[in-house]
Protein chains: 2
Amino acid sequence: MDTKSLMVDIATKLFQQKGYKGVGLNELLKACNITKGALYHHFPNGKEELLIACLQSLNEAITTDIESIFQQHPSTQEATHAMIEKLITNLETDGTITGYTFSSIVSEMASLSEPVRNACGALYEKIQDIYRNKLLTDGFSIESASSVSLFMTASIEGAMMLCLTQKSTDPLRTISKILPNLLKEF
Amino acid sequence: MDTKSLMVDIATKLFQQKGYKGVGLNELLKACNITKGALYHHFPNGKEELLIACLQSLNEAITTDIESIFQQHPSTQEATHAMIEKLITNLETDGTITGYTFSSIVSEMASLSEPVRNACGALYEKIQDIYRNKLLTDGFSIESASSVSLFMTASIEGAMMLCLTQKSTDPLRTISKILPNLLKEF
DNA sequence: CCTAACATACCGATCGGTCTGTTTACTACT
DNA sequence: AGTAGTAAACAGACCGATCGGTATGTTAGG
């Protein structure tokens, strides 16, 4: 793996876990086992540029990951269940958020940096699109599919928040149990 | 208003908007028009102690606020609608999150400080309790009420996140439109 | 030999926190 | 009533550590 990709990979995890301001440059460099020279060679605009690269990388990773799950299951309901199961496994194995979320970055940076806000927005959008398309093939109307996909995104994101504060995966499990009711409703 | 309360009030807003690490002590002191001496007199353990005081204050404020809304409306559905309307108004008037959320603090601090994590957990718990009790009077079973109240908390929290990235109040509006479907389901 | 890919020393600014005054308010005693 | 004492409520200078960022090397590959 080349240095740049390595940096993005490690930085992504750190940013997800501790937030943008929560990760210092020195800490980051030590984790990657590189120096400032390397960082500013690949990312001349420094930390924020690295963050945006991380968000873009995350965008691709999440998209392909979720998309593959949604292709493997016939209905939105089953796909969602499988996806949340995977989220739970992730959360259980490394204790912190490393999955399809980046809430810390959103809430920290949305009001501070437009580029970062846009990158986060793009990511949410893409996730919602996958849900939406699946819902459409399930037979939902365009309007319903849009609303429900937003609802799914929001509730899963919120549930991860609750998992963090409770140090438990129960909230995600509950969401997983309740979501089907919503998907049948329409 | 005494100095201590003033500090908590202003700090609460700043922490909600910029996150914990996003607010420097000097910035905070300037906003309150006080000095370090005053801060460390009232909060000997510094910034983190202030944060916890803010979370506790927020706890009371949110609780009484939501509780009053839920008392004024007969059903969970109507109360929820009114509450989200208020959230939207808040978001529109000052552009940033100042309402019933503190997601930035959760995602930043949950893995770093146990006391902070607990304080955040207590707050979510209390909000959920209000929902749950209302659902019980609506005739929901204990189990259903617990699940649905968690679902409500998560989806509203997540929706605020989406509002931030989109710089729009639409996600909250969508949630508000969809939630009743869930509340009828059971 | 020239450029990409680093390494490292260094920078001012800011971080949260401490320490030592000083002012104010209130109490206790004569 | 006047005064002395005391503790709470600040104010502000100062601290080392760390922040993100820069400037100047050095090294290795084509």
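Each Cβ is built from the backbone N, Cα and C atoms, and glycine gets one as well.
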Range annotated as DNA-binding region in TrEMBL, from B:24-43, B:104-123: B:24-43
Distal contacts, the DNA-binding region (B:24-43) - CB-CB under 8 A, six or more residues away: 3-4, 6-7, 10-11, 14, 49-50, 53
Within the predicted model, mean pLDDT of the DNA-binding region (B:24-43): 97
